[in-house]
Structure formats: C-alpha cells, structure tokens
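*Asks:* Shown below is the structure under consideration.
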C-alpha cells in the first residue's frame, strides 16, 4: 500500500490491512477501526465531484444508502470522510468476504440450496427498494456481496434512481442514459426506451439467476446490437403492441432485422439438472415486456424460494424515498458537495470539522441482530438459514416477529466511540425496549465482559470538590506539581533501567526470511493477497477462467 493513497486523518482512525481492489474511479481497502476493532471496507472515490454527473451519482448513492442501510440485505454505510484535497471522498462500509461474481467463477461451488438462499435474499432487498419507488439499475453479480454464512448484501447504488419525485405515468419516468453492465441490461434499456419501470431490476435479477444456474453469463453480448441479438433469439419474440408500449423510436426496425434469426430456448442454455421451478422462475423474469415480468413481491412467493418465504421478514416501506435534492433539479458539482456535507452534519447534530472526525452517517444506528454461532458455511450442504433481522426503522408499525425466529439470536445495538454515532441514552431508571435486569446470556464459547457504568457529570463534580488538595511544586523531584499528601505513583518517577545487553537475535530480520518461504522473503510478511476470500472455504478452490463484463 502506498502511504500517499490514504489521507493521514483516515489512517489515524482506521488501520489499513490490505487493498482489495483498484479501478479507474476508486480504490477499496480492508481496514480495522482503531476505536472499536470492527473490520470495515473503505472505498475511496477519486475526484468524486469532478463534474455534475459524478457529483450527482455520489450524492445519490450516499443519500440512498442512508435510507436503506437498516435492511439486512443492503450494505451498511458506516461513515463518510472527505479527503484533504476536498476532491476525493472516503466511504466506510461493513466488511464482507467476497462477491457473487467471484463465487460463480470458482466453478461448481454453490449447491442448489445456496442458489435458492442467495436469490431469496436478493428478492428481499429488491422488494424493499422498490417499495420506496427506487430502482437500482445496476444489479449484477459483482454488486452482490457474500460471506461464508451465505448472507447477501446488495451494494453500489451509484446508478440508482428515485421515482418518488417524478409524476406518475410514462411521461414522468423518463429514461436517462447511464452506463451499466451490458450483460444485465433490460431490452427497454438497450432499445433506448423513453421511460422505465422497476422491471429493469427484475430483468437483471433474471440474468443473475441464469448465471448462477449456468455458471456463466446468459447473454454475454459484445455490443448493444449483439446483446439484443442474443436476447431475441432466446426469449419469445415480442408483439408489435409490446414494442409500441416501450416508446422506442427504432425498436420495430431492430426486431425486423433480428426477428428472423433461428430461435433457441432457455432450456438449451442451462444444465440438464436445472430444477423445473428454477427454469419457470427464470422465464417469468426474462419476459420482453416489462409489465409481464414478475415483481419482487410476486417472485418471493414462487416455489423456487418457497422454503425461505416468510412475509414477516420481507419488509416494505410505507412511503416513497424522496431525496433532499429533487430529481429534476440539476446542481453544480460544488453545490452537490456542499449540500451533501451540510445534510449529514445537520443529521448528525454535530458541527465539528468533517475532515477531522468524519461525517458520521446515521445508518449505523440501525438495530442489528447477531448471527447464530452455528451458521453453516457455503461448503456445507445443510440448508442455510436466512437470519431473522430486526425490522428497519421506518414509519408505521413494526411487523411482528417471524414464527421461525431463532431464540439464540441476541439483539444488540451497534455503537461507536465517536459521538457522531452515539444514540441518546435512556432516561434515569429506563431501560431500552426488551431489556431485562440481567445481561443477556452469550452463546457458548463467547467470553462476556461486564463494564461498570460511567459516573455522571454531577457525581464527577462532587468527587472533584471533595478531593481537592493543595498543589505545590516539588523542586527536589523534578519541579513538577504534586498534591499535598498524595501518594506518589512509581510509574511517574524516573526509572533507572539497566542498559540493554546484546542478545542472540539482535540482527537484521532479513537474514532469516529466506527460510520462511518465498512470500515472507519477498513481501516482508505473509500477505493475504494470495486469496480473494478471507476466512472461508472459497479460497481453497481453483479459479476457473470465465468472461467478465
């Protein structure tokens, strides 16, 4: 890691472990919070406010992650830290082991039950997003994060769009141009339709499901025209009415040129052992007409994910998500930056410099539920259990607890030592909802630690007044001030330590590195960069080559 890549005030707060990836627009590290010990992922966006488009994308992603961060299948944004140059920005996320794209490229790693579990959690996240009238617009395997317990987190909301501020009807939901991964684009996006619906996400989910079943992308087009060709020779051809409903100016011409190509079915693209219900769900998601595709709520009731279906855990918002800046308003890049920092500082209730302390995104205040200790890994063939999470904070009553709730789950409230993250403590004599007089029992093998309650400001002032002592200078002991009658602390006295004697091992460490392996000799230490997955069974499997978008 180059020291110049991380600002000093960020390195003081987070201990950088290793670099996870780097691209043209940013770099991601695995790090540890020095205050709490929590492992996090830090994403540095280069020149996040270089122009109006990049500034708007950064603004949308942060605002939407603050809205959706309490959902168990959406990545949590923990902190926002401006860079020293006022151009870059650091986003601090919870850490995950890998992503679905890396898992698929490992080969036949996922069993059928894992595929069902992963797709069910993706549907849960998509339903929650769509209930707020937000479209992700960039769902693909690389944006689906996983851990060894088969937990799913949807990330990268940079291309997401809120429809809450737009008028109803096709005229209000105008389709703007955006650069998303071609292999997962819906036909209406490829045909430059004048409007769109949440069906664009459902098409992308169908492509993700097909890639999990097949082991490689369903439609790996090399251009927009080739992408349409692969789609139209696989799915049933649309009617003229369906083409007219898209509002595309040249969709009929494209269909005329591509409609005469030989057809193949989805069955021919998938392995012969594909479950029939998986194929049925895939066909219902990959419909050409957006209004004929299943919604996320309908797909959650499909037999393919029936064993995981639980309405109490499939949350929905009761109101639309409305961004602080109207979707129709176009601000300049400096205005987006100023507005972003102003909003987060106002919501955190703190006026400190964001460059020194971070902006303290309030998404970390969501109540979480600890995962059970006996969670199965991806390598096991046992049915993965989707954790029953605490409902996200939203307007309206909370949904009742699932009948299948695991009693060993322990409800915790995440707090940080940073005052920007702290929740207001309960009043005198109050306890948080659901708290009892005794601390909750921890799972076996977990060492619990009980800390004494910190004294209040009143008790501290009384103790200070009662223990006041006359302070005088003691020139015989170095001239420092000392309290009369106070006992001297030996650790503060000058210590006359003996001079260190040379020992056997006081020589250059490079002498012994050659016998400790090539990795340690070359790198000065054992690096985790040799594997893409940490603390899981995924890293032991060979990497199979596969196409990438």
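Every residue gets a Cβ built from N, Cα and C, even glycine.
Checked Swiss-Prot, it gives:
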type	residues	note
REGION	1-20	region 'Ubiquitin-conjugating'
BINDING	20, 21, 22, 23, 24, 25, 26, 27, 28, 43	ATP binding site
MOD_RES	176	phosphothreonine
MOD_RES	178	phosphotyrosine
REPEAT	380-384	repeat 'PXXXP motif'
REPEAT	387-391	repeat 'PXXXP motif'
REPEAT	395-399	repeat 'PXXXP motif'
COMPBIAS	403-416	compositional bias 'Basic and acidic residues'
REPEAT	403-407	repeat 'PXXXP motif'
MOD_RES	451	omega-N-methylarginine
COMPBIAS	456-467	compositional bias 'Polar residues'
COMPBIAS	483-492	compositional bias 'Low complexity'
COMPBIAS	493-502	compositional bias 'Basic and acidic residues'
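For each listed feature, how buried is it and what is near it?
*Replies:* Every protein chain considered, the tally of other Cβ atoms within 10 Å of the Cβ of residue 28 (ATP binding site) stands at 16.
Taken together, the residues in the repeat 'PXXXP motif' (395-399) have a mean pLDDT of 47 on the 0 to 100 scale.
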*Asks:* Taking the recorded ATP site as 20, 21, 22, 23, 24, 25, 26, 27, 28, 43, identify the other residues of that chain whose CB atom sits within 8 Å of the mean position of the site's CB atoms, giving them in sequence order.
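*Replies:* Sorted by sequence, the hits are 44.
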*Asks:* Tally the residues of the region 'Ubiquitin-conjugating' (1-20) by DSSP class, grouping H, G and I as helix, E and B as strand, and everything else as coil.
*Replies:* 9 helix, 7 strand, 4 coil
*Asks:* In Å, how large is the greatest distance between any two Cα atoms among 20, 21, 22, 23, 24, 25, 26, 27, 28, 43, the listed binders of ATP?
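*Replies:* It comes out at 14 Å between the most distant Cα atoms.
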*Asks:* Over all shown protein chains, what is the count of other CB atoms within 10 A of the CB belonging to residue 20 (ATP binding site)?
*Replies:* 19
